[in-house]
Ligand SMILES: Nc1nc(=O)c2c([nH]1)NC[C@@H]1CN(c3ccc(C(=O)N[C@@H](CCC(=O)O)C(=O)O)cc3)CN21
Ligand SMILES: CC(C)C(=O)C(=O)O
Ligand SMILES: [Mg+2]
C-alpha cells in the first residue's frame, strides 16, 4: 500500500455494516472523469451493465460483454480512491454454473482491482452467490426488475405489485441474503414490498425505484444529470446537463464559423531564436 493513501477505500464489509444506519449513497459510473467527480460523495460506485444502453445506445443490456465491463471498471478505479467500486457481471457470463460465475468474477476482480461484483437473480442464483462468497468474491445481489431478463419479461416495468409476484420477489431476496450477498439492489418494486424485504433480510437493501424504505439508493448518473433522453419513472433529475452541453457546442460551432475561435491566446507563436 502506498504511503500517501491515508484514507482507505471502503470495502464490501463496510457497506454490509451500514444496515439500518445512515442511508447508503450510490451512483453508477463508467468513466475516469465521472468517477473523479462522484467519488467524494458516495459510498459505492457501480460500473453497471446499463453502460451498454447509456454509452453505446444499445436497446437492452443483453449484448454487453465482460471485456466492456473490465475496460470501464479499470477506468473507474483509476478515477477514484475512496468509494467501493462494484462491477456488474453481464448477461451470459455467470448464469451457466457457479464455476462459470467464479471464473468471470475472479477475472473481473483481478483485472480491474474493484472490490465486489453484482449479479442479477434470486433463488436461481442463490447457490452461485454462496459459491462466490465462500471463495473470496463479495457479491451484491439484484432482484425485482432484472433487466438482463428482458427477453423473458417482455418489457422494463415495475414488478411485485400483486401479492403473488411480491411473494416471489421476497423469496428471491431471502435466498440471496441467506447465501451471503453483502447488499441487495431492489429495482422497480412497490414500497410495501421494499419495506418488508428491508425489514427481513440481514444485508442492506439499495433501491432504484425501490422507495425510501430501502437502506440506500442508487441511480444511473447520466439519468440524474439530465443526460439521458428517456428515463424511468423513478428518476429525479438533479441537473439538466444535456441542454448545457448543447448550448456550449452551439457557441463553439458559431465561433469557428465566424473565425472568432481560436483567438490570440489559443495560438502558438513561433519560438524566438
Ligand atoms: N439509463 C438507464 N437507466 C436505468 O435506470 C436503467 C437502464 N438505463 N437500463 C437498464 C434498466 C432498465 N430500467 C428501467 C426502465 C424503465 C422502467 C419503467 O419505469 N417502466 C415503466 C413502464 C414502461 C413501459 O411499460 O414501457 C413503469 O412504469 O414501470 C423501469 C426500469 C432501469 N435500468
Ligand atoms: C442501476 C443498476 C442497479 C444497474 O444494475 C446498472 O446500472 O446496470
Ligand atoms: Mg445492471
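The backbone N, Cα and C atoms fix where each Cβ goes, glycine too.
Pulled from TrEMBL, these are the features on record:
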- 187: active site, proton acceptor (ACT_SITE)
- 49, 88, 120: Mg(2+) binding site (BINDING)
- 49, 50, 88, 118: 3-methyl-2-oxobutanoate binding site (BINDING)
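Recorded features from TrEMBL, shown on the structure.
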| residue | record | DSSP (3 states) |
| --- | --- | --- |
| 49 | Mg(2+) binding site | coil |
| 88 | Mg(2+) binding site | strand |
| 118 | 3-methyl-2-oxobutanoate binding site | strand |
| 187 | active site, proton acceptor | strand |
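Proximity of the recorded positions (88, 118, 120, 187) to ligand 3: a Cβ under 6 Å from the molecule is found for 88. Spanning the residues 49, 50, 88, 118 that the record associates with binding 3-methyl-2-oxobutanoate, the maximal Cα-Cα distance equals 13 Å. Residue environment of residue 187 (active site, proton acceptor) contains 22 other Cβ atoms, counted within 10 Å of its Cβ in all protein chains. For residue 88 (Mg(2+) binding site), applying a Cβ distance below 8 Å and a minimum sequence separation of six or more within one chain yields 46, 47, 48, 49, 69, 117, 118, 119. Most Cβ neighbours within 10 Å among the binding-site residues 49, 50: this distinction goes to 49. Listed in sequence order, 142, 143, 146, 147, 148, 149 are the same-chain residues six or more apart from residue 120 (Mg(2+) binding site) with CB atoms under 8 A from its CB. Ligand 2 lies under 6 Å from the Cβ of 50, 88, out of the binding-site residues 50, 88, 120. Across the structure, residue 50 (3-methyl-2-oxobutanoate binding site) and the residue listed as 'active site, proton acceptor' are spaced 13 Å apart at their Cα atoms.
Listed in chain order, the residues near the 3-methyl-2-oxobutanoate site other than 49, 50, 88, 118 are 28, 46, 47, 48, 51, 61, 64, 69, 87, 89, 90, 142, each with its Cβ within 8 Å of the site Cβ centroid. Among the binding-site residues 49, 88, 118, 120, no residue is identified whose Cβ is positioned under 6 Å from ligand 1.
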